[in-house]
Structure formats: structure tokens, C-alpha cells
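Enquirer: After the C-alpha cells below, expect a handful of questions from me.
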Amino acid sequence: RGGGGKMDAQRVMCGDPIGNLDVNPIFTLGIEVSCLLVVSHIFQLILKPLGQTGPIAQILGGLVLGRSGLSRFQSIKRYFLQDELADYHELVALLSRMMVMFVIGLGTDVPHMVHMFRPATSIAFGGIILCSIFALAVFPFVYEETESHGDKFTFTILLMLSLSNAASPMVIRFVTELKFATADVGRLAMTAVLINDISCLLVLGVITAFTVNEIGKRIGMGISAALTLVVLIFINKHLSGWLNQRNRNQKYLKNAEIFFLLSLITFSASVVELYGFDSSVACFLLGLMFPRRGKTARTMMHKLASSVSTFVLPIYFGYLGFKADVTQVKGFLIIMVVIIMLLSIGGKIVGTLMACRRLLLPLGEGVVFAFLLCMKGNIDLLIVRLAQTSQVSPIVAFIVGRDRKCFGYIPMPLELQGTESELRILACVHSPRYVSCMFGLIAASCGSTNATTASYLLHLIELRESREPKNLMYHQQEDDLSDDEYYAGNDVVEITDAVDVFTTETGILIHPMKEVTTFGSMYEEVCNRAEDIHASIILLPFHKHQRIDGKMETAKEGVRITNQKVLRHAPCSVGILVERGLPGESSVPTAETIRDIAVLFFGGPDDHEALAYGIHLGTHPFVNLTIIRFSPASSRDPDLGSVMSSTINEDILLSTSCNETEGELDSAFLADFYNRYVTTGQMGYVEKFANDGSETVMALRDIGDMYSLFIVGKGGRGFSPLTTGMSDWEECPEIGTVGDILASSDLDVTGSILVIQQHRNIKIMVSNND
């Protein structure tokens with residue numbers, strides 16, 4: 001015993017691995033994670049100007065700390081590479097992969113994924129098929145040079161998967177960092193990489209099941225794993241609804257409830273792992289099938305999104321570099337790695353471009369898809385993964401940065417889009433007062449069955465300049481949103497409850513967001529959010545609200561200033577909503593709330609945009625849309641109806657030149673609308689004539705109680721006999737002459753007013769001064 005103890009002490013002094021027994025593995029694991037976060041953050045700061053992304057910096061951080069870097073020194077290796085730490089490393093990597101794939105599934109937009117499934121499948125399998133052909137071609141060479149003695153069929157399949165697989169977590173995070181995740185290009189890329197990754201994992205699971213001795217037992221375990229997932233999906237559905245009801249008066253679920261849900265998910269994923277299958281697909285499906293309505297999903301996304309992005313992903317990617325030992329790649333093995341890497345990149349590029357050509361996609365988009373799908377995933381050759389990723393990420397960043405207009409946010413007026421195009425709405429509110437009105441518009445906007453609608457509700461909260469100190473103990477603070485009690489705490493609860501009730505009653509998913517800032521910079525946050533979500537239109541509340549006696553009362557001047565600045569700097573069309581007739585906050589708004597809608601058309605680009613948005617609303621089966629065209633009395637034509645109803649050749653409409661007068665453009669636009677929607681009986685058309693502004697006001701007064709919503713363009717159309725004299729008593733130029741008249745207390749209007757300004761691609765009206 002004495003001699004053995006002396007020898008052990010000598011081994012510890014010499015840096016022998018047995019010295020690892022003196023170090024607590026849990027403490028060492030904490031040190032590793034802390035160092036990994038710090039080093040990866042340093043790399044991220046260094047590589048950010050070069051177009052590299054977080055995953056690259058985190059993998060490099062793992063390489064520096066792992067077997068390829070500092071852990072080669074005995075003094076560090078004694079702490080970082082203990083034998084007892086191997087199981088802990090695998091456990092951390094497994095839990096990280098579970099959370100990453102679950103969050104990816106939870107954040108996946110299912111309708112858009114279904115909509116893009118066919119083209120995404122073609123793109124994904126284009127690269128898979130060609131990489132598989134290349135793998136079959138080089139299989140004899142690789143099999144002989146690696147001196148493999150296993151089953152050749154299994155080796156071939158694994159080589160095919162190694163060349164074909166793509167890293168969905170890395171691609172999704174990369175696309176998100178480049179800020180084109182909400183664009184069609186980004187969505188198609190993310191859907192394609194998910195199909196690629198999941199397909200490879202499923203093939204790997206099937207091959208594993210049929211290459212073991214007890215095939216029947218393996219199939220039974222696969223069925224048991226699938227049943228476990230089905231049972232948990234069923235439990236999540238009912239448990240989520242029960243938790244929503246249990247916490248209906250709370251902003252979020254309790255931490256204990258979230259921990260219980262995550263424990264169920266982790267347990268089911270662990271069962272899949274114990275059965276011998278990879279849990280990545282299982283966790284993704286659990287997130288994909290998780291109920292999206294109510295507080296449960298919102299709390300899960302709120303709790304997990306920031307923690308996964310800040311801690312889990314750096315650990316997940318860092319661990320890939322930590323366990324890789326690039327020093328083992330020497331001599332002829334380097335040539336083999338380079339060959340496999342080139343075959344993988346070449347197969348993905350050629351196969352993806354062929355698929356994109358078949359789908360008639362632009363060449364630039366095809367190149368981006370090809371390089372994104374080159375980011376390798378869960379394969380054994382970690383050096384191939386790192387090499388390929390470090391090569392393709394700056395290429396994609398360069399292409400996207402150079403062609404930002406193609407891959408980023410492309411603002412396009414609604415006038416140039418059809419009803420089949422996706423409508424992305426950013427509705428802003430300062431308090432619960434306008435929530436019901438906004439929800440009514442959102443419900444009516446989801447009427448077309450041929451198009452998808454993405455709705456976002458942004459709660460704008462004024463940041464107060466002074467704060468009273470709050471002496472709260474740590475256990476008294478719920479979470480990082482404890483300041484809600486100071487910053488519009490009751491409003492936050494009312495708005496989130498309204499979102500939950502609306503989503504439950506109508507089935508329309510709304511993404512709630514919140515921004516706490518001063519009125520001076522609030523417009524910047526609105527514009528930034530619009531760019532991030534690729535908004536088609538921004539809906540803003542008017543700074544006045546109607547009292548019980550029908551008079552309009554000003555709320556906060558900061559709201560008006562924000563609206564004015566958003567109108568000048570918005571990256572898309574903007575609508576200012578004046579609530580005068582929609583029901584109060586207690587009722588659940590639906591499309592029937594604004595059944596009768598009138599679009600007031602005087603002429604000009606803004607009125608074109610107002611009519612274009614009105615058409616989106618008019619396609620709803622419960623909405624009756626009528627366009628009311630105001631024209632000078634001198635232009636009255638007894639045969640106008642026959643002229644409007646006549647069929648106009650589409651080629652003539654498309655040949656409208658820039659030299660045509662505004663009146664000719666208005667007539668062509670209205671004629672197209674008339675032939676498409678009025679002659680088919682879908683929408684109505686009324687013509688009104690006036691000599692001056694007073695007659696226009698009288699006409700507006702006559703229809704003031706006939707409609708629940710009036711949509712009108714802001715204007716800026718210059719001199720018009722229809723509005724002569726109306727601007728003399730104009731109070732709010734930001735909603736235009738007609739909108740200001742409709743919103744005034746002098747006009748008895750029972751319907752709400754939506755004033756729309758069309759986005760101009762050339763921002764000639766934006767000045768340097770706010």
C-alpha cells in the first residue's frame with residue numbers, strides 16, 4: 001500500500017492522468033463551460049468584421065481549449081480531459097442538442113413549411129442524390145485506405161450520409177444572423193436543410209436497426225420510441241390547455257411548470273436515446289407539434305430562446321471543436337479529408353443548382369442554397385465539418401451582403417402584389433385601447449384562402465426618465481421582466497390576455513412583441529422591427545381617441561410624434577388607425593366586426609395602396625367591401641358603367657407608361673379592379689361627384705353611419721377641386737385632408753378610419769431632420 005501511494009503521488013506530480021482523481025469533475029465542467037463562453041465570445045468579436053458567424057467562433061473556441069489546443073499541455077489536460085468527464089461531456093452535448101432541436105421545432109412556422117415543402121424537398125434531395133453518387137464512386141478508395149474491416153454496405157451508407165448531411169442548427173442560426181430568416185429565400189433554405197438533416201437521421205436509424213443481430217427486437221424498440229413521442233405530443237396538447245386556463249390571470253407560466261414540461265420532453269428524448277436512436281428528430285417533432293396558442297407556448301419560447309442562444313448553442317457548437325483533434329489528421333489522411341470535403345461541397349453545389357434550375361429559381365438564390373447546405377452536421381469527420389463551414393460561411397455572407405436587395409428586405413407596395421402574396425402585418429399599440437380594433441383588422445386580413453398572413457403585435461411602452469428605487473429581495477423578483485410592474489405592467493397583462501383569447505376564439509396566430517423605449521427613439525424601434533419581420537404594412541394607432549360623448553381627445557403628444565416619424569422613415573407602407581366605431585375591449589373581434597368596409601378613392605398612389613389593402617380585406621367571406629370613387633362633377637359620364645364594365649386587355653394595362661397622367665393611371669387601376677371583383681359580384685363600386693370641398697364633406701357626412709370601417713389614402717395629391725377649402729381647418733396633416741375630416745369631432749362618423757400611406761422606393765420625402 002505504501003509503495004503504491006508513493007507511486008500515485010509521483011504520477012500526480014508528473015502530470016499523469018491518474019491525478020485527475022483529485023479534481024471534482026463537476027467543478028471542472030463548470031470551468032470548461034465558462035472558459036468556452038469567454039473564448040468563443042472573443043473569437044466572435046474578432047471574426048465578426050470578416051463575415052464569420054457565432055458557430056464558427058464557438059467551434060474555434062472549442063478547438064483552442066480542447067484536444068487540438070491548450071489541452072495538449074499536461075497541466076491543462078489534467079483538468080479538462082479527465083476520464084470521469086467523458087460521460088459528463090456526452091450528457092451536456094446530448095441535453096444541448098435536445099434543447100436546440102426542440103427550440104428549432106417550436107420556432108418553425110408550420111404553414112410556411114408546408115407551403116414550401118415541395119420546392120424545399122427538391123432542393124434538399126438534389127444535393128443528397130449527387131453526393132450519394134460521388135460517395136459510391138469513391139467508396140472503394142476510401143474503404144481500402146482507411147483499412148476498414150466492417151460491412152461494406154453499412155460503410156457505403158455512412159459515407160453517403162457523411163457527404164450528404166447538413167447541419168440544420170448551424171444553417172438556421174446563420175440565416176437568422178444574416179437577417180433574412182423571414183424572407184422567402186431564408187425560409188426555403190431553412191426548410192430544405194431541415195428536410196436534409198431529418199432525412200439523413202432517419203436513414204441512419206433505419207440502417208442501424210437492420211444491421212444489428214436482433215432485427216425484430218430493434219424494430220420493436222423503434223415502435224416503442226414512436227409511441228412514446230405520440231403519447232407525449234398528446235399529453236403536451238392537453239397539458240398546455242390546462243396550464244393556459246390555470247394561469248389565465250398571469251403573464252407567464254411559473255418556473256416550476258416550465259421545468260415540468262421540459263422534464264417531460266427530456267425524459268421522452270432520453271427514452272429514444274436509450275432505445276438506440278438519435279433524439280434530434282424526436283425533439284424537433286416535439287417542438288413542431290407543441291401547441292402554439294396561449295401562455296404556455298409563449299412562455300416556453302420566451303424562457304428558452306434567450307437561454308439557448310446565449311448558453312446552449314455556444315456550448316453545443318463549442319463541444320464539437322472541443323472533442324476534435326486536428327493533430328491526428330496527418331500525412332495521407334489530410335489528402336483523403338480534402339477529397340471528401342471537395343466531393344461534399346461539389347455534390348451539394350451541383351445538385352442544388354440543378355434542382356434550383358428545375359424550379360426556375362434565380363441563380364443567386366441557388367448559389368446561396370448550395371453553400372448553406374454545405375454546412376456539415378452530425379458526422380464523425382469533425383475536421384471536415386469545421387473546414388467546410390469555415391469556407392462556406394464567409395462566401396454566403398459575402399453573397400448576401402453584396403445582393404442585400406435580393407436576399408434581404410425588399411419593400412414592395414401592396415399595389416404591386418396580388419392577393420395570393422403573403423401579407424405581413426406589424427400592428428402597434430400603446431395600450432389595450434386599440435387592441436380590439438387592430439385584431440378586427442387582422443381577422444379580416446386573413447380572409448384569402450390562397451395566401452398566408454403573418455401577424456405581429458408590437459406593444460410600445462414609454463420608457464420613463466426617472467425611476468423610483470425598488471428594494472426587492474431576489475426571491476421577490478419573478479424574472480427579468482419584473483420591471484413590467486413599473487413599465488405598463490397592467491397593460492402588459494391585458495394585452496397578452498387579449499392575444500390569448502383572440503387566438504383561442506379565432507384560431508389566428510399572433511406573435512406578440514414588446515419594446516420599452518423613449519418616444520424620441522420609438523420610431524426607430526418600429527422601423528427596425530418592420531425590417532426584421534419583412535413587414536408589408538405597419539398599422540399605428542392614432543394619437544386621439546373617442547370619448548363617450550363622441551368627441552376626440554388627445555392621449556399623448558409623444559404618440560403623434562412617433563407616428564409622424566414612422567411615416568417619414570418606414571421601410572414599408574403605413575396605416576394610421578383612428579378608432580371611432582369598433583366594439584370595446586371586452587368583446588372578441590372577428591372579421592364580422594368590420595363586415596362593411598368602404599374604400600374612399602380620390603386618386604393618387606396612397607389611394608391605390610388603400611384599395612390594394614382593402615382588396616385583401618374584401619376577400620374575406622364575411623366582409624362586404626365597397627369602393628367609393630369621388631370625381632369632379634364636370635367629369636360625369638352617363639356611359640361610365642359601360643366603360644368600367646368593358647373588358648380591358650391585360651397587355652394594355654401592363655403597358656401603362658410612366659408618362660401617363662395620374663388620372664389615366666387611376667382609371668387603369670380602377671378598371672382592373674372593376675373587371676376582377678365588381679363584375680364577378682365579389683365587391684361593390686359606387687361613383688360620387690362633387691364640385692368642391694364642401695360638397696365632398698356633405699357626401700362624407702351622408703355615408704358616415706353606413707360603414708364600420710373607412711379606408712382612405714393619406715393624399716399628397718396636390719391641388720384637387722374635390723378638396724378645395726378642406727385643408728383650411730386641417731389639424732393633423734399626418735392623416736391627410738380626408739382622413740382629418742373623418743376623424744374630426746365635427747363629423748358624425750360611426751365607423752373607424754384607416755389612413756394609408758404607400759411606401760416610396762425612392763425616399764424623396766425623408767429629410768435629415770426629424
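Positions of Cβ are set from backbone N, Cα and C atoms, glycine also.
TrEMBL lists these features:
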DOMAIN    39-391  domain 'Cation/H+ exchanger transmembrane'
DOMAIN    456-588  domain 'Cation/H(+) antiporter central'
DOMAIN    597-759  domain 'Cation/H(+) antiporter C-terminal'
TRANSMEM  120-143  transmembrane segment
TRANSMEM  155-176  transmembrane segment
TRANSMEM  188-212  transmembrane segment
TRANSMEM  219-239  transmembrane segment
TRANSMEM  259-288  transmembrane segment
TRANSMEM  300-319  transmembrane segment
TRANSMEM  331-355  transmembrane segment
Enquirer: Under a Cβ pair cut-off of under 8 Å, which of the recorded stretches 120-143, 219-239, 259-288 contacts the transmembrane segment (331-355) most often?
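Expert: When the Cβ pairs under 8 Å are tallied, 120-143 comes out ahead.
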Enquirer: Taking 3+ C-beta pairs under 8 angstroms (sequence gap of 6 or more) as contact, is the transmembrane segment (259-288) in contact with the transmembrane segment (155-176)?
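Expert: The transmembrane segment (155-176) and the transmembrane segment (259-288): touching, no.
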Enquirer: Please figure out which one of 155-176, 188-212, 300-319 racks up the most CB pairs under 8 Å against the transmembrane segment (120-143).
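Expert: Result: 155-176.
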Enquirer: Near the transmembrane segment (300-319), which residues from the same chain, at least 6 beyond its ends, have a CB less than 8 A from one of its CBs?
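Expert: Beyond its ends, the transmembrane segment (300-319) has Cβ neighbours at 33, 36-37, 40-41, 54-55, 58-59, 61-62, 65, 89, 92-93, 96-97, 99-100, 102-103, 106-107, 169-170, 173, 252, 258, 261, 290.
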